[in-house]
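Lifted from Swiss-Prot, the feature list:
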SIGNAL    1-9  signal peptide
DISULFID  C73-C89  disulfide bond
DISULFID  C77-C91  disulfide bond
DISULFID  C82-C96  disulfide bond
Amino acid sequence: AAFALPAFASFEKDVITPAALEAVLNRKAPLSNIMMENDAILNVIANVKTVISNPVLEEALLKTNHGVNGIPCGESCVWIPCLTSTVGCSCKSKVCYRNSLDN
């Protein structure tokens, strides 16, 4: 049987890669007055996003052919907005992207 990647919408939760998680943890939200510990942040993220490996997400992005939207941030946004918005990502076509022209 052939291995097929599920569509983003077939996941029960949105997905995020370990690299995207690290970027979120390393960046403090500008409007946050409460400094949460990394463990607490990870618990919150685990309730709303499923952590998947980078190659799985990259393969899914290649199959959807939405490369013109920018640089993938390693996160989907089917149900939950981009957590990586703190590092400049935004939701386009159910995937969080960073504008390739921004530094």
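These residue numbers are counts, starting from 1, taken along the chain as shown.
From the backbone N, Cα and C atoms, a Cβ is placed for every residue, glycine too.
Keep in mind the model is a prediction, meaning the values are calculated, not measured.
All features noted in Swiss-Prot, drawn onto the structure.
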residue	record	Cβ within 10 Å
C73	disulfide bond	27
C77	disulfide bond	25
C82	disulfide bond	24
C89	disulfide bond	26
C91	disulfide bond	20
C96	disulfide bond	27
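Note: the CA-CA distance between C77 (disulfide bond) and C96 (disulfide bond) rounds to 6 Å.
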